[in-house]
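Engineer: Have a look at the structure that comes next, please.
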Amino acid sequence: MNTLQKGFTLIELMIVIAIVGILAAVALPAYQDYTARAQVSEAILLAEGQKSAVTEYYLNHGKWPENNTSAGVASPPSDIKGKYVKEVKVENGVVTATMNSSGVNKEIQGKRLSLWGRRENGSVKWFCGQPVTRAKADADADAAGKDTTNIDTKHLPSTCRDAASAVCIETPPTAFYKNT
């Protein structure tokens, strides 16, 4: 007598569950990195919004703005914020965004990234990456900060991973002067 088998055997179900588990184990870390990079992109967008004011100040005064007020952007720094960004601060021409300490991917909580300009060949070139500091407003030199508030490089956009080639924008000096 032949009987038709209905449904799946226990072995077949266990194989399917194992395959789903393996796929989830691979996909979850990739998804977490993706969400962290998306959250970091908000910080870069907010920081980039301050570049034109900082560049204009530099071209008009010959030195970098000391803070948000002198740059002509929102002050205090906590006024420039987003869903994932706590504040955006201008200090001696370096624009630094600080991530929130809650409501963001745990790998970037409280971490910082910087955008900074440098005068090169008659224009201002902007760089992005790990937090940097500039000792004085009239200097072009910057020093990379080595501390626990650095965002892991894997979460930065590819243009911000290498400080030597991380040019975000080049602004010619004539871009801020009106022809009269």
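Using N, Cα and C of the backbone, Cβ positions are placed for all residues, glycine too.
If you look up Swiss-Prot, you'll see CYS128-CYS160 marked as disulfide bond, on the strength of similarity to another entry. Taken from Swiss-Prot, the feature O-linked glycosylation site applies to SER70. Residues annotated as N-methylphenylalanine in Swiss-Prot: PHE8. Look at Swiss-Prot and you will find 8-28 tagged as transmembrane segment.
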Engineer: By a Cβ-Cβ criterion of under 8 Å, what residues six or more beyond either terminus of the transmembrane segment (8-28) are in contact with it?
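Structural biologist: Residues packing against the transmembrane segment (8-28) from afar: none.
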Engineer: Can you tell which of the recorded positions (PHE8, SER70, CYS128, CYS160) has the fewest other C-beta atoms within 10 angstroms of its C-beta?
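Structural biologist: The recorded positions PHE8, SER70, CYS128, CYS160 were compared, and PHE8 has the fewest Cβ atoms within 10 Å.
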Engineer: Tell me which of the recorded positions PHE8, CYS128, CYS160 ends up closest to SER70 (O-linked glycosylation site) in space, Cα to Cα.
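Structural biologist: Considering only the listed recorded positions, the nearest one is CYS128.
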Engineer: Whole-number Å distance between the CA of CYS160 (disulfide bond) and the CA of PHE8 (N-methylphenylalanine)?
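Structural biologist: Checking the Cα atoms of CYS160 (disulfide bond) and PHE8 (N-methylphenylalanine) gives a distance of 51 Å.
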Engineer: According to DSSP, which kind of secondary structure is PHE8 (N-methylphenylalanine) found in, if we only use helix, strand and coil?
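Structural biologist: The three-state answer is coil.
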Engineer: What whole-number Å value do you get for the CA-CA distance of PHE8 (N-methylphenylalanine) and CYS128 (disulfide bond)?
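Structural biologist: If we compare the Cα positions of PHE8 (N-methylphenylalanine) and CYS128 (disulfide bond), the gap is 55 Å.
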